[in-house]
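Peer 1: Here it is, the structure in full.
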Ligand SMILES: Cc1ncc(CNC=O)c(N)n1
């Protein structure tokens, strides 16, 4: 078992809080209201726009710090997928009558985006950044995969959204990121491993806050 799997077990309460949030339950059982979904959509578009430069910073670190050449391809693949994703947000927003240019970022979103920006610093080690990258992607994969399970009652018009992150290919990509993070953590000094664990926990907290915000609770 890798370090990441150990941390997911050790912090299972928080991990489950982020991946089995009431927002996701409401998608899964079909009780979500349209206003929450639209709020999530607009805010997540803003988040993803901040996520792109974060991934760019990970790409820079992989080039400078990683000794495994396949790492770059996985991260570059993730980056390329974000181009598609931004186009999807625009299409989805226009379909639902959400004007993306008028979205005001919520406080929880601003805090999360600032946290991402802090991780772009050259002072932040590749190991720490790639752990955060894995965690951010994994929370969405696990969350939306729940909405596609056999017994889920996800409304037909939300299936496409859930498939975006809940699909098997995205699951495989997350496992590749986890392997990359695990291998990097294995070689890292204790101080860096401790920092990565804290960053992992911060990501989970921000994700919980993001779902809370999407429910209109903050
Ligand atoms: C708040 C949040 N966390 C993770 C993701 C998934 N990564 C890229 O799309 C996302 N879109 N939004």
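Any Cβ shown, glycine's included, is placed from N, Cα and C.
Pulled the feature table from TrEMBL, pasting it below:
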- 9-215: domain 'Thiaminase-2/PQQC' (DOMAIN)
- 44, 85, 137: substrate binding site (BINDING)
- 207: active site, proton donor (ACT_SITE)
Peer 1: May I have the list of same-chain residues other than 44, 85, 137 whose Cβ is within 8 Å of the Cβ centroid of the recorded substrate site, in sequence order?
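Peer 2: These residues sit around the substrate site: 47, 48, 51, 82, 140, 164, 165.
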Peer 1: Let me make sure I understand the span of the substrate site: among 44, 85, 137, what is the greatest distance between any two Cα atoms, in Å?
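Peer 2: Per the listed residues, the maximum Cα distance equals 13 Å.
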Peer 1: Between residue 85 (substrate binding site) and residue 207 (active site, proton donor), how many Å separate their Cα atoms?
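Peer 2: With the alpha carbons as reference points, the distance is 19 Å.
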Peer 1: How big is the gap, in Å, between the Cα of residue 137 (substrate binding site) and that of residue 207 (active site, proton donor), rounded to a whole number?
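Peer 2: Cα-Cα, rounded: 11 Å.
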Peer 1: Within a 10 Å radius of its Cβ, which of these recorded positions (44, 85, 137, 207) has the fewest neighbouring Cβ atoms?
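Peer 2: Per-residue Cβ counts within 10 Å for the recorded positions 44, 85, 137, 207 bottom out at 85.
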Peer 1: Measure from the CA atom of residue 207 (active site, proton donor) to the CA atom of residue 44 (substrate binding site) and give the result in Å, rounded to a whole number.
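Peer 2: Rounded to a whole number, the Cα-Cα distance is 11 Å.
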Peer 1: Within the domain 'Thiaminase-2/PQQC' (9-215) only, compute the mean pLDDT.
Peer 2: 97
